[in-house]
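Right, one structure below, let's go through it.
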């Protein structure tokens, strides 16, 4: 049997982390077993479905590199197929017209709730022989079995059973003629030969209804796996109030797709105590036997830790391709400084996101108009003039400009002045970067470049002289 899974989001909002994890699990299961993975857009909610949401889903899938073998399919383009199946069910008696008014159904619901009963349709039209005009408004309901039970073996949770007496006759076609979500899903899974349905646990209650419809159609019943929800740090379902965002927001915040994938796969699945997984390892190792039934808590610090790991362990040239977006957002022209791959190596250890790298790299490419006030107050003082003049002379004398020769020049200056390296290094760092923090000074000075560093030291000396004059005045 060829394994075939699907990811079937509704385009009513962005692709959130819960949906992305479901997509990842479905994709990994298919790839692990050499099967196929398809993308289906379940856009039957015409009022809430939007093109921007469809675009966000596609962008998120592409950014995460979750490629699909078929699709994307759109349910709104299959309405003729759904209605043809419904008409066939009506002719076979597995579905029926229901003419009950909204008012009657609301009265029925209120009475059932007043008696402490679960609200459900009472089947009034199920076996009715009343005559109705062809144009009388009605819905179509599925004739659900009234006895027995539905049992399915969830790949994560084990056997789950529902009594058919608990299931009412589901509406499968609305009064406006449009098919309903639960019905469209069944026809799609049948037509598209889906063998494994992997989705969130909020769909468990839909499963027995869908299985009964499949059986009524004479269709094979797929296997099901219902993934537990993701919680916020307060133990409640992850939502916008926890800062939950769409997948593409993680890109915009400077995360690598490898980091988010690694984080999402571990958000419910494990392989021993291993934390770092390449995509190839995920495909090789993934199985539902190792997926937890319990809800998982989203931990941003863990995601940041993984992102820092991937920034520093993936090839710098590759990381640089993802850094471009953030550099452009900062408006930095990188033609007059180190290559972006070199920048990744320079700042990667100090930064947890690509956005942080872009925000802290400007001094490598552009001259700054002001020094950081605290750093200048502490290190650009008259006592630093001698060190800055001496180190400038030694740097200017270098015929070979490498981190090693830069380091030797700084060390030579400190030895000549009989002071510690910090007495030379800190004023020099503030002079050439404008701040009190940077990567190792020798590689920083080297990356900024000889002529630019020499000019910035002069600027720092002028700054000290100006401040000294102001103080004296």
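Heads up, residue numbers simply count up from 1 along the chain you see.
Glycine is treated like the rest: Cβ placed from N, Cα and C.
Between the listed ranges 237-241, 242-246, 247-251, Swiss-Prot ties the annotation motif ''KMSKS' region' to 237-241. Residues 9-19 are the range that Swiss-Prot records as motif ''HIGH' region', among 9-19, 20-30.
The local packing around residue 98 (Zn(2+) binding site), expressed as other Cβ atoms within 10 Å of its Cβ over all shown chains, amounts to 20. The Cβ of residue 100 (Zn(2+) binding site) has 16 other Cβ atoms within 10 Å, all protein chains considered. The motif ''HIGH' region' (9-19) scores a mean pLDDT of 91 in the predicted structure. Each residue in the motif ''HIGH' region' (9-19) gets a DSSP state, and the totals come to 3 helix, 1 strand, 7 coil. Long-range Cβ neighbours of residue 127 (Zn(2+) binding site) (same chain, at least 6 residues apart, Cβ-Cβ under 8 Å): none. The secondary structure of residue 98 (Zn(2+) binding site), as reduced to three states from DSSP, is extended strand.
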